[in-house]
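The annotation repeat 'Solcar' is assigned in TrEMBL to 8-99, 109-195, 204-294. The transmembrane segment annotation in TrEMBL covers 12-31.
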Amino acid sequence: MASEKAPLPFVYTFMAGAIAGVSEILVMYPLDVVKTRVQLQTGKAVAGADTYNGMFDCFSKIIRNEGFSRLYRGITAPILMEAPKRATKFAANDKWGKFYRELFGQTQMTQSLSVLTGASAGATESFVVVPFELVKIRLQDKASAGKYNGMIDVVMKTVRNEGILAMYNGLESTLWRHILWNAGYFGCIFQVRQIIPKAETKQGQMTNDIIAGSVGGTVGTILNTPMDVVKSRIQNTIKVPGQTPKYNWAWPGVAMIAKEEGFGALYKGFVPKVLRLGPGGGILLVVYTGVMDFFRNMREAKGL
């Protein structure tokens, strides 16, 4: 992420990213549950308690048929994931940014370097999140409600029945998902910050961060939703020895969904996803920037 402020040691960028991630997930998690439910629904929706005609229908049916608390089912895995996930995102973006500036002899970030840096940070982040994402998706799927008693139960049954490597089902599609989202997110943050007037006050800086982060989150979501749909289906598929799963690899999965369900199916869950990750991208950037400023002021006060 482009910044004119003095850089801080790795531990501070890691901590700021962790705090930003947990803040975002606590506010936006119900939208993630709805997004996953809609993405896992194959074919065309028909009337019934277990099918959804869109975001609002999904919200109302979950609350009416399963209770409000179901919107937070599986949140333990995301909360445990968000700290290392977002911490890795921002810390890796900072480290990759320094690496690419030195590699290409640049003193400041550019648009192309921001995209490359974001993509590299996304690839790094994906290795951290895959097991957590698999647990989250299996807990969010209504069909799994009677199969698992919680996060640890998902891990134990997955490892016992499918093998330890099953915890990394969907790694390839997750790589693509995070590369595309982070490239769009950090690339747009750089571009938007170049376009909007420079903030003169702390309130103005917060407003600029909300705008830049929300635009970045929206563009990243547009780019990566097809991969997110495929990833959800890959990770929700129980591996059976001797059988090739229907959804196994990212790009063939994209082609299969488009062929069987139409191109629009690749954007299932887009509305709740963009409503989460658009504003959520703003929340991430605002909290991250605020925490980094706090750390920076704290170090200055101590004379570090």
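A Cβ is built for glycine as well, from the same backbone N, Cα and C atoms used for every other residue.
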Tertiary contacts of the transmembrane segment (12-31) (same chain, 6+ residues out, Cβ under 8 Å):
59, 71-72, 75, 78-79, 82-91, 94, 272-273, 275-277, 279-280, 283-285, 287-288, 291-292, 295
Summarise the repeat 'Solcar' (109-195) as counts of helix, strand and coil residues per DSSP.
75 helix, 0 strand, 12 coil
